[in-house]
Amino acid sequence: MRGMAGWGGFFFSVLNYKTEKYVIAENKRIGVLFRLYQLAVLGYIIGWVFVVKKGYQEREEVLQTSVITKLKGVTLINSSEIGLHLWSAEDYVIPPNGEQVFFIVTNYIETPNQRLGFCAESSKVPNGQCLSDDDCVEGETVIAGNGIKTGSCLNSTGTCEIHAWCPVEYSKRPTEPLLSEAENFTVYIKNFIRFPKFEFSKSNVLDTSDGSYLKRCSYDRERHPYCPIFRVGDLVSWAGHDFQEMAVKGGSIGIHIQWKCDLDKDYSQCNPQYSFTRLDMNLNNSVTSGYNFRYARYYKDQNGETYRTLYKVYGIRFDIMINGQAGKFNIVPTVIAIGSGVALLGAGAFACDMILLYMMNTSSLYRERKFEIINFRFD
Amino acid sequence: MRGMAGWGGFFFSVLNYKTEKYVIAENKRIGVLFRLYQLAVLGYIIGWVFVVKKGYQEREEVLQTSVITKLKGVTLINSSEIGLHLWSAEDYVIPPNGEQVFFIVTNYIETPNQRLGFCAESSKVPNGQCLSDDDCVEGETVIAGNGIKTGSCLNSTGTCEIHAWCPVEYSKRPTEPLLSEAENFTVYIKNFIRFPKFEFSKSNVLDTSDGSYLKRCSYDRERHPYCPIFRVGDLVSWAGHDFQEMAVKGGSIGIHIQWKCDLDKDYSQCNPQYSFTRLDMNLNNSVTSGYNFRYARYYKDQNGETYRTLYKVYGIRFDIMINGQAGKFNIVPTVIAIGSGVALLGAGAFACDMILLYMMNTSSLYRERKFEIINFRFD
Amino acid sequence: MRGMAGWGGFFFSVLNYKTEKYVIAENKRIGVLFRLYQLAVLGYIIGWVFVVKKGYQEREEVLQTSVITKLKGVTLINSSEIGLHLWSAEDYVIPPNGEQVFFIVTNYIETPNQRLGFCAESSKVPNGQCLSDDDCVEGETVIAGNGIKTGSCLNSTGTCEIHAWCPVEYSKRPTEPLLSEAENFTVYIKNFIRFPKFEFSKSNVLDTSDGSYLKRCSYDRERHPYCPIFRVGDLVSWAGHDFQEMAVKGGSIGIHIQWKCDLDKDYSQCNPQYSFTRLDMNLNNSVTSGYNFRYARYYKDQNGETYRTLYKVYGIRFDIMINGQAGKFNIVPTVIAIGSGVALLGAGAFACDMILLYMMNTSSLYRERKFEIINFRFD
């Protein structure tokens, strides 16, 4: 068969098994070193890539998600200033339609019977303060203020007269949260998720035929992980804060729902994990903490004139953030994980060769035996 | 050149082509086995990784997306109980501002002229039922109820008297959806997507200069895939449910828009695919199905006293969920896919060697020829 | 040691270092070719995969994000048609509660004192036009119209009489934006992000103890990258459009915040990057541009009859879209990147072998020396 050429021979020889010829270097140090390296690579592939990182799985980290929320609870406020108010879910949840991001009023400033007219700017607005009429240029907007300057400075308050909804907002925030009982409101959070790549979907609500379960249960990490009903006060305390303290100025709480699913295991092994953080505080300080906004209710009197009640509401905003990862066995990542490990073995052999070839006193012998020279010039 | 050492020789020899010396084992069985293995690996790399999975592409699964929705349609309700009502988009779409998650009212309970006062709790609230005044502790909130207990039990209804918006909600849901004609409303869904990594963006609206096209077209998978106008009834039926049935208690429909884009192909090959699922039902039962919430409209009478109309609205919530994947040729995943496949070929050679070396009766001959021993001890 | 078999010998020989026997082909052309190929692969691995693409990093592209927005500014409208109106944030921001997607009114049509009744359909609705009563089938809804046909055609307007909120909307949009001063409103955007895999979180607001900084600063890419306060007019102009032009019909602006974070570097190196695009325009035309919706405010008169004011608001919708990528050193992608590169080196050797074996006139010599034949048949 030697010297055989041409396609026939090529085809015939193709069916022979060709394998690298090896040279055995009876050097135990290098041998042990190389075996240890092989063991390390093997340990890495099996232990780290396959067992810990599940490298044989295709990953999906993008998921489709839908959240429905509903609040329950009612509280009666009887303050000397404002009078009697009953707050129920249709009032204190904004927006009312059960979205993923919702806000619960815990404190508020009510300014009733505002009408369009002329009055003094609040003394709390820096740009509205004045010493003379020259400080109040007519037609100019008060920066971060409530209206448009009319051009005159009012001595009584030391602020510009403005064209605005009058009287301007009564700007003292109650030091105690008016809706302190909001702590006991309950929130129902239904989360549906779907991993589109694997066509896997699940919900965080117990799939029970017992209709009353969801009416009386309460979330508990151990006993009721599939009861999605939370007490508002608990949500805040799990985020590491005190509800009554937070309720005064408001704030923002992140409810993280994490779905880490190994789809090679059973459906029941894919469970939601909840965690809670406060979002409106930076690490070092609380300058930017708090959460509030204003809304108005408009009325018309008998003459068709518009007046309104302005609410500045402080409260807790809940952001429900879903993230998830699903993994399922797939041949491509498996091959990539194994293949790249095998290739690394080759890199180790290369390193050992370098040591033997250039860094030992037996190098020349080794080189002689490892390499055979074909000198084409004498061909 | 033999025995040549030192850097000069090293540099010179570097330009020689070194290649593994092969041993040809004329064993057809192993040869065929190895060739088959090589073919399988090659087939896997070309067929599966490159053709099916497009392993030569860099993937992006995170996309920026923006959705604008708008509903059209109007319906007149003339029921003996409620009187005449006209519902147009500004009323039945909540919130009205064209968001990604929107709600269409299909049924409702209206409780007009509620005023703050004292009345009997609804007999439907378990915690509000009582036998004597002792069951109604003063100042306690009725759990899942409408107000605060005053301390007295009303014999007429068998429920506690409460401080609430009175009268309490008339709690019988109409058995026929009041807005049954909502089936014919149309919804316009504009979806803009962008893959930030590839700087590719597209929209699901036909890029036409014919202004009237979007006024008269209707979505059709085959003929009008780029007309984003859907009939509400179709959306529900595509999700496998009956609109009239679902409209009674409400529900939640997921509208999935999937963008699977091969950016190595033409711009026109990247098209949205719509699919529709119902989100408020678990697999086994319908305990948690339905969707409703309450909102109130506040009025003031001539004396400045507040009264309100409470609406409990049932309806269909639409969650538009966008997901997408884009792939584009990139050298890194290509190299990883090829490289790991090549490495696997080596693993096959290793397995064949093991068979030849240790599991055949010709093993000792093979071993003798495959391995050459350098014995440094006799150096 | 030759011919040694059995497990003892196997174990002993295992500690020997086995290495491929190489054949050196003194062919400088192939040698140089192969070295160049090796250099290219090495350059690719080091230069492209490691330096440019940071292939040694594990990537996370899914992030948890929370956005809080707040608008400031007030404007007074004094038009002859509508009279005096003061628009402040509680009116022109919809929804008012500081969400990720918000809308600012820049122009509007107000239709006050609508009552349920009978009137002529607007002549702008094609389906409402008629020549005789036959065109107005009783009980039919006007497609894309305002009400339900009563069956009679009104000669005065040439449109059907409808049962609707009357009078129907006054349908001429002001040609100048009524809230042209909205250009100077400011928007505060607080964005909190978290990469769940790396447990890294950051916010786009300067972490300062100087409380007044956030009251007076203004975003500037160079000087104040951590001041999240933007002028509305700037947002529009950065997206390449003119505010006054866009304010007439409305539109949609995407505010992209991108977090590209190399977590192997310092915390301060992970910064938000803002970019702005217009979302409501397709490439070729502006047929689908504009953004508007309607909402109504309901009132009751002394007799308890409901009337309403309908607003059709045009304005700019801002979609804040967050995306981010974080990378951190991880051993798995590093091994995959190196391993697949090493495997590629082997593929190059294979190609060079093919050239030497089959495409040169010295091929038969080369083949003789490269391959050693073990003929089991003569064993």
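Cβ from N, Cα, C; glycine included.
Of the cysteines listed (C:Cys160, C:Cys166, C:Cys217, C:Cys227), TrEMBL assigns C:Cys166 as the disulfide partner of C:Cys119. Which of C:Cys136, C:Cys217 pairs with C:Cys160 is settled by TrEMBL: its disulfide partner is C:Cys136. Closest by Cα distance to C:Cys217 (disulfide bond), from the recorded positions C:Lys70, C:Lys72, C:Cys160, C:Thr186, C:Phe293, is C:Thr186. C:Cys227 (disulfide bond) is surrounded by 19 other CB atoms, counting those within 10 A of its CB over all protein chains shown. For chain A, the nearby binding-site residues by a Cβ gap under 8 A, listed in sequence order, are C:Lys72, drawn from C:Lys72, C:Asn292, C:Lys312.
In sequence order, C:Tyr108, C:Ile109, C:Thr111, C:Glu169, C:Arg173, C:Asn292, C:Phe293, C:Arg294 are the residues near C:Lys312 (ATP binding site), counting only same-chain partners six or more apart with C-beta under 8 A. Each residue contributes its Cα atom, and for C:Cys130 (disulfide bond) and C:Cys227 (disulfide bond) these two points are 58 Å apart.
When the disulfide-bonded residues C:Cys153, C:Cys160, C:Cys166 are ranked by how far their Cα is from the Cα of C:Asn184 (N-linked glycosylation site), C:Cys166 comes first.
Looking only at Cα atoms, C:Cys166 (disulfide bond) sits nearest to C:Lys72 among the recorded positions C:Lys72, C:Thr186, C:Cys261. Around the Cβ of C:Cys270 (disulfide bond), the same chain contributes C:Phe200, C:Lys202, C:Trp259, C:Lys260, C:Cys261, C:Asp262, C:Leu263, C:Ala326, each under 8 angstroms and 6 or more positions distant in sequence. Contact annotation for chain B: of the listed binding-site residues (C:Lys72, C:Phe293, C:Arg294), C:Phe293, C:Arg294 place their CB atoms under 8 A from a CB atom of that chain. Packing around C:Cys130 (disulfide bond) is summarised by its Cβ count: 20 other Cβ atoms lie within 10 angstroms of its Cβ, all protein chains included.
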